[in-house]
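Asks: Feature list, courtesy of TrEMBL:
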type: ACT_SITE; residues: 146; note: active site, proton donor
type: ACT_SITE; residues: 280; note: active site, proton acceptor
type: BINDING; residues: 146, 147, 148; note: beta-D-galactose binding site
């Protein structure tokens with residue numbers, strides 16, 4: 001779990017820009033995955049079912065697009081996904097490494113999955129996260145870190161003055177009647193509220209998101225493999241900047257509409273919906289349902305999954 005990120009503003013004032021809790025006990029339920037590693041498969045799998053090599057697998061249903069509706073989809077790896085697991089950890093040079101071995105069949109997924117995640121801080125003010133995984137049976141994997149950012153300060157009540165640019169020409173369209181579930185369509189961002197190719201003030205765009213609920217959408221960054229810029233998040237009042245680079249083909253923009261109201265956080269903070277933003281690098285949500293259209297998340301025995309994401313912190317150039 002990333003619990004705190006302390007960065008200076010343009011005047012040298014240091015603030016914590018990552019929302020979270022005071023104590024480890026508060027992270028044990030962590031219903032919104034604050035700062036956590038998510039897996040085996042991050043994001044949604046519609047109806048909690050997927051087919052792999054002709055066999056159907058069923059997962060626990062833990063998520064619904066609508067309030068007060070019984071869960072009908074899987075999300076973030078299950079009832080006890082990786083965000084609720086205790087990883088083995090150790091120091092390796094200038095990295096912290098963490099390992100978790102997920103048993104065959106855990107949360108309905110096939111194969112014993114061995115996952116190693118590393119965090120590294122560089123002299124360029126970068127937080128580098130690397131993921132690797134191997135499996136004993138053919139399975140599916142998709143990881144992210146679910147950090148929530150507010151570049152003003154973690155306890156500031158909104159993200160209106162943040163300015164966001166995303167390096168994506170397309171996004172995955174969600175269903176009209178199930179607003180957090182992809183339809184399978186990839187659509188050009190041009191002439192839509194999803195066009196962040198040029199910097200956009202979030203306060204001017206949040207209400208333009210579907211159903212006035214901001215954004216819970218995947219943006220298509222190009223093929224997986226090469227390290228590329230995904231996004232730049234600026235906060236002009238403080239001068240802070242966050243750049244996101246990744247090898248992943250997608251980035252999920254989540255503007256916190258489902259943050260539980262009046263959530264008690266660290267340092268006496270109270271978190272509300274739309275008080276922070278997530279820039280979750282990953283493969284596309286609900287990929288198993290759209291295997292013919294979305295980049296594959298299948299991992300087979302003998303293969304090694306690898307992914308890298310960089311959060312680079314700095315100041316807006318003058």
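Backbone N, Cα and C define each Cβ position, glycine as well.
Curation plays no part in TrEMBL annotations; they are all automatic predictions.
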Asks: Starting from the Cβ centroid of 146, 147, 148, the recorded beta-D-galactose site, name every other residue in that chain with its Cβ within 8 Å, sequence order please.
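Replies: So the additional residues around the site are 2, 18, 19, 33, 34, 35, 36, 145, 149, 276, 278, 280.
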Asks: Which whole-number value in Å describes the distance between the Cα atoms of residue 148 (beta-D-galactose binding site) and residue 280 (active site, proton acceptor)?
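Replies: Rounded to a whole number, the Cα-Cα distance is 9 Å.
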Asks: Could you check what DSSP calls residue 280 (active site, proton acceptor) once collapsed to helix, strand or coil?
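Replies: Where residue 280 (active site, proton acceptor) sits, the three-state DSSP reduction gives strand.
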Asks: Just to be sure I understand the packing, how many Cβ atoms besides its own are within 10 Å of the Cβ of residue 146 (active site, proton donor)?
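Replies: Excluding its own Cβ, residue 146 (active site, proton donor) sees 22 Cβ atoms within 10 Å.
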Asks: Roughly how many Å separate the Cα of residue 147 (beta-D-galactose binding site) from that of the residue listed as 'active site, proton acceptor', to the nearest whole number?
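Replies: If we compare the Cα positions of residue 147 (beta-D-galactose binding site) and the residue listed as 'active site, proton acceptor', the gap is 8 Å.
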Asks: State the three-class DSSP label for residue 148 (beta-D-galactose binding site), counting H, G and I as helix, E and B as strand, and everything else as coil.
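Replies: Its secondary structure by DSSP: coil.
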Asks: With every protein chain in view, how many other Cβ atoms are within 10 Å of the Cβ of the residue listed as 'active site, proton acceptor'?
Replies: 26
